[in-house]
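Data first, discussion second: the structure below is written as structure tokens.
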Amino acid sequence: MGGCEVREFLLQFGFFLPLLTAWPGDCSHVSNNQVVLLDTTTVLGELGWKTYPLNGWDAITEMDEHNRPIHTYQVCNVMEPNQNNWLRTNWISRDAAQKIYVEMKFTLRDCNSIPWVLGTCKETFNLFYMESDESHGIKFKPNQYTKIDTIAADESFTQMDLGDRILKLNTEIREVGPIERKGFYLAFQDIGACIALVSVRVFYKKCPFTVRNLAMFPDTIPRVDSSSLVEVRGSCVKSAEERDTPKLYCGADGDWLVPLGRCICSTGYEEIEGSCHACRPGFYKAFAGNTKCSKCPPHSLTYMEATSVCQCEKGYFRAEKDPPSMACTRPPSAPRNVVFNINETALILEWSPPSDTGGRKDLTYSVICKKCGLDTSQCEDCGGGLRFIPRHTGLINNSVIVLDFVSHVNYTFEIEAMNGVSELSFSPKPFTAITVTTDQDAPSLIGVVRKDWASQNSIALSWQAPAFSNGAILDYEIKYYEKEHEQLTYSSTRSKAPSVIITGLKPATKYVFHIRVRTATGYSGYSQKFEFETGDETSDMAAEQGQILVIATAAVGGFTLLVILTLFFLITGRCQWYIKAKMKSEEKRRNHLQNGHLRFPGIKTYIDPDTYEDPSLAVHEFAKEIDPSRIRIERVIGAGEFGEVCSGRLKTPGKREIPVAIKTLKGGHMDRQRRDFLREASIMGQFDHPNIIRLEGVVTKRSFPAIGVEAFCPSFLRAGFLNSIQAPHPVPGGGSLPPRIPAGRPVMIVVEYMENGSLDSFLRKHDGHFTVIQLVGMLRGIASGMKYLSDMGYVHRDLAARNILVNSNLVCKVSDFGLSRVLEDDPEAAYTTTGGKIPIRWTAPEAIAYRKFSSASDAWSYGIVMWEVMSYGERPYWEMSNQDVILSIEEGYRLPAPMGCPASLHQLMLHCWQKERNHRPKFTDIVSFLDKLIRNPSALHTLVEDILVMPESPGEVPEYPLFVTVGDWLDSIKMGQYKNNFVAAGFTTFDLISRMSIDDIRRIGVILIGHQRRIVSSIQTLRLHMMHIQEKGFHV
């Protein structure tokens, strides 16, 4: 019976047994969320409750075995009717309570077990209360009390229970509220029951003080309304700080609910059993969080508590961007084993890495050059006369090439090794020196270069022969380039004499010239650079005016003889006309010919067929008409935009048959399709480049030979070709003319045949069969073709592997000009489409958003083609929808490197995918970059998946948040729900995560595409952070 038993009751008039004194006074368990206002079991003295009338309720007090009082009130006036006996408590202070709970323990006699009381005995009693701000003393007015409830017993006892010494104790709890005054009274009304009130406990509930997630929450009283919660903001424990605002909600039953936010231990402190403790000496914690303190990394120490960073030992340093978890390092020792190799034009220095790298991987080298005379103690800086390839500072590889050195000179090269902490050390940088004496047999440098004259497109130069030629001079090499395009591209020519006339230059443009001499012993070094500027149109006109003035003056001098004067003017005028005509002819030739290449300055070399009112005029202007009898069609090889594509043979006059592909226009075509078909032929006819598909010609003539139907593409005939040919008609004298084609209707476009078809299908068919250098060769061919188009001011708009054709020699050629448009001379110009489908996966963001195309958008597409080639024809962005692709690119996501892709190629892809189109590389730069890779295949050996070392130049690494754990990284990108997936799959370090591909992300259970995209994008950023990008921007 609730764990507390009343053994006996004292019977009045024979109804109760005496109460046993074995009543346990501390039987009630009080929860820590209850505040007790009254508990009769703990009162040591008399309760002093008031009874009305006096002979109603009786107070009985007994002592238990611990000599503690047991206070009981009982009443059993069941023999008399109309009972109204009241028992009132003393005044009870409500404290902070808004709602109180009354717990009553009592026994009640079954009326049926008492004889002769059926009309007067009751089995319930009533509970009342009254609020007041102070005690009323003995005054009692029942009508001032409010009824709480009628209390009935769950179990009642009988005479038999008394005989068997069985006590049935009832426990009832009632709640009262809201309580607004300072206190209250309770009253119990008996209306004729036989009852013993064993104990009364009055309490209210609270949410007790607690500590959750390192945040303290005070005692909180819940609201009266059980459906509402009280929001409580916590305060962090000592040495902790908020990560997110800590909150708890207090429920009506005194329970804390819905924990939100948390506190974390500050730097230098760790969590131990719900509080933050300072890190011990020799340990540190660099970041606020609930991780443990870590032992100081090698070569660092601390003697204090609560340390956030360990101090480096003497002679060791920590770079600015080194994480606190990284060991302290020191500068490297000097490089070793310096050797050199010299020829007529270049000096190659090589060395071994230092024996002590200082514990770092960001090792770089610098080469300092000094020129020394016979006395090596007197040296001077080499100045800017020498060129170092790739540079003389910040070298990553342990070699450098020196150019433009002078013969007969002693050069001393000091090679220094440095790392990320070298600048923090005050000790002199160790170096290894080597002295090289240049070839005494090679010729010395030439003398000063002079400009003899300059015209609008030409410059005449002369110079002094070298002081020491050491043999007969064979010739001079002159290298020159536009000053504004320095180091991008250059031209060269040769001269037998110490003078030259350079033609084909741009007007009013500064050029830089370098000259060296060649003898039987080899080349000299290049001279210092000399700058000269071509003339403009105004200067040429002034020269002509000067010539006229001289002629006129000479004419006036012969005024004495009229006949002689007349003859003089006639002869002079004729010579003048002849000279001018010759000069203009020569100038025209120079304008069109420069070092063997035709140039047309200021003239747009591509003509848009849309400028022709009749598209057939453009076709005849740019495409060669082919006699249909020379074409033999063999089979269908595919379907194009306008019809089917067949393979066949073309017989050329005086030559053997060549394989060709024939594009046809399907029957029942619309006028717009006919115009577009003509337009593509007109476009292709203007191109002549080994990496652009070659147009052999078109068939558009009205008359058609009587050739067998089986010679044509069968489905081409079924599509309506025969219906477009007029039937043969009779002629006088018998016979008939051959069938005719309606006027102006295009029939066929004939192009060169590419045996291996489209590049994407070809790569998928030969997955993994090619070397990296072969793939780079394919990419170089595509870039060369696109450079040709870009130089003509032409935008392709649909560059993709499916539109690249491959011949039997693996030569790749750009094709499919259906979407192409002309680009104006303005370098910032872009073409705006008027509609039509855009290939989203290959198209630059600005072209998708604003339908603006430029050579820069073609560069973006070229980056996608690179990815297709290196992945052997995989679909870009895999199964992502077009909308997901657009959103991903806007969020900064870029395709990861395909498996086995060299880092240099993926870096080029990323440059092509720059969001700002002006930052993307030009096709000229791309071709030059790929040429360098082909000439230096070792640059292709480093794969993206191999680049897992720390950056070699911390100052050049982009900013990136530093995370201690993989979980922190996932939380930062709001992907914390996948922590267990990463741990279960073994991806517990950033080294492993940086290697993950999209397939790995799917494999560990990331199903949602949006989540895959966010994680892969962050991994790309992480991987770039771990890579060393030697210089910002794109360089060739």
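Backbone N, Cα and C atoms are what each Cβ position is placed from, and that goes for glycine too.
What Swiss-Prot says about this protein:
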- Ile637, Gly638, Ala639, Gly640, Glu641, Phe642, Gly643, Glu644, Val645, Lys663: ATP binding site (BINDING)
- 331-441: domain 'Fibronectin type-III 1' (DOMAIN)
- 442-537: domain 'Fibronectin type-III 2' (DOMAIN)
- 631-944: domain 'Protein kinase' (DOMAIN)
- Asn343: N-linked glycosylation site (CARBOHYD)
- Asn397: N-linked glycosylation site (CARBOHYD)
- Asn410: N-linked glycosylation site (CARBOHYD)
- Tyr606: phosphotyrosine (MOD_RES)
- Tyr612: phosphotyrosine (MOD_RES)
- Tyr831: phosphotyrosine (MOD_RES)
- Tyr978: phosphotyrosine (MOD_RES)
- 1-22: signal peptide (SIGNAL)
- 572-1036: topological domain 'Cytoplasmic' (TOPO_DOM)
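Feature map: Swiss-Prot annotations on the structure.
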residue	record	contacts (Cβ under 8 Å, 6+ apart)
Asn397	N-linked glycosylation site	none
Tyr612	phosphotyrosine	Ala618, Glu621, Ser682
Ile637	ATP binding site	Val645, Cys646, Ser647, Ala661, Gly757
Ala639	ATP binding site	Val645
Tyr978	phosphotyrosine	Leu970, Ile1004, Gly1005, Val1006, His1011, Ile1015
Reported mean pLDDT - the domain 'Fibronectin type-III 2' (442-537): 83
Distance, Asn410 (N-linked glycosylation site) to Tyr606 (phosphotyrosine) (CA atoms, angstrom): 55
Local backbone state of Tyr606 (phosphotyrosine), from DSSP in three classes: coil
Spatial separation of Asn410 (N-linked glycosylation site) from Gly643 (ATP binding site) - C-alpha basis, Å: 73
Count of other CB atoms lying within 10 Å of the CB belonging to Val645 (ATP binding site): 18
Number of Cβ atoms other than its own within 10 Å, given for Gly643 (ATP binding site): 24
Residues in the domain 'Fibronectin type-III 2' (442-537) grouped by DSSP into helix, strand and remaining coil: 4 helix, 46 strand, 46 coil
Assigned conformation of Tyr978 (phosphotyrosine) - DSSP reduced to three states: helix
C-beta crowding around Asn410 (N-linked glycosylation site), within 10 angstroms: 16
Secondary structure tally of the domain 'Fibronectin type-III 1' (331-441) (DSSP, helix then strand then coil): 3 helix, 51 strand, 57 coil
Where Tyr612 (phosphotyrosine) sits in the secondary structure, as DSSP reduces it to three classes: coil
C-beta crowding around Tyr606 (phosphotyrosine), within 10 angstroms: 16
